[in-house]
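Here is the structure we will look at.
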Amino acid sequence: MEPLSEPDASDPILTITGPTAVGKTAVSLEAAEQLNAEIVSVDSRQVYEELTIGTAKPSPSEQRRAPHHFIGERSLHEPFSAGAYAKAANDRIRAVLERGRRPLVVGGATLYLHALQYGLADIPDVDDEVRDELNQRLESEGQDALYEELQQVDPRQAAETDPTKTQKVIRALEVYHGTGKPLSYYYENQPEPPFDYVTVVLNRDREKLYDRINQRVDRMLDAGLLDEVRDVMDIDGVQLDEPPLSTIGYREPIQHLKGDIDYDEMVRLVKRNTRRYAKRQLTWFRRYDEYHWRAAPETRAEDLIEVLKNALDPTHSAAEGSAR
């Protein structure tokens, strides 16, 4: 294979994404080894040190094959938002490039990926009292009155907001009253992301993907998922009803361990909810016309690198495939 030029900050960054259980880890490790790359994980749960089995975190042997970022770096006591992730990931990417290596973004957390590639509006925090007051007004005045106010103070945002989506109306008014500026101002002045990306979505036949999901859930349980959840439940100060513990693969075991559902129902729910999550991920990825789709079983690291080469040099031709 023709070697790539030395990495540069102006180069698009190869991103490998796809639904859960599609097989991103194996092919991304091969690509990282061939590219002399460091893997920048884009996963909203693998970043927590306490969550391993239920997040399908790369094993120690897999992590030794290439440097990994955002794997087990934070405690459950340290919330991590998509915006915070994007800022931290941009810093890591700069550091990787300064070391003369390529960053390779890998993962399927859709909002985190969007924040990294396209940015998020930098909206200041708003006092909870503002939202409380708006909710009281919702009760006394009704949603129509709040939407009419939004039309007056932020007509651009009102035009893009369904008046029946009450919480979105309240959020827009909350920003206006809390910051003195309309929500549309923050969206319109959103900073441009510092890097460009070329993204490959790995996909599989639906039934085969669902089979892989079911089998992976079984492996997680065999590997001790319930013990992991018990340990997490014993940590002082951890909120069991908030992310990441309210997410799939943790909330169902928590319900089981609390006695709310039996074991078989827990297994059924984890599998069903994970399949539904994979479907939502695929729907999200189809929003982006610039993404390249590939069939996971046939895709090798060389195929992914070929996509990167095409992005680096538009005159470099390669057959485009589709696995949507």
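Here the Cβ of each residue, glycine as well, is placed from N, Cα and C on the backbone.
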Practice prompt. Choose the correct range: of 43-46, 163-166, 191-194, which one does Swiss-Prot annotate as region 'Interaction with substrate tRNA'? Give that range.
Written response: 43-46
Worksheet entry | All-chain count of other Cβ atoms within 10 Å of LYS24 (ATP binding site) | 22
Worksheet, complete the sentence: Cβ atoms other than its own within 10 Å of the Cβ of VAL22 (ATP binding site), all chains, total 25
Fill in: Spatial neighbours of ALA21 (ATP binding site) that are distant in sequence (at least 6 apart) but have CB under 8 A
ALA56, LEU209, ARG212, ILE213, ARG216, THR274, ALA278
Response to the item:
Excluding its own, the Cβ atoms lying within 10 Å of the Cβ of GLY23 (ATP binding site) add up to 17
Item to complete: Residue list, the region 'Interaction with substrate tRNA' (43-46) vs rest of chain: Cβ under 8 Å, 6 or more residues beyond ends.
Response: 54-58, 70-72, 80, 82, 85, 107-109, 111-112, 243-244, 247
Discussion item. I want to check the contact list for PRO19 (ATP binding site): same chain, sequence separation of six or more, C-beta distance under 8 angstroms. What comes out?
Written reply: GLY108, ASN203, LEU209, TYR277, ALA278, LYS279, GLN281, LEU282
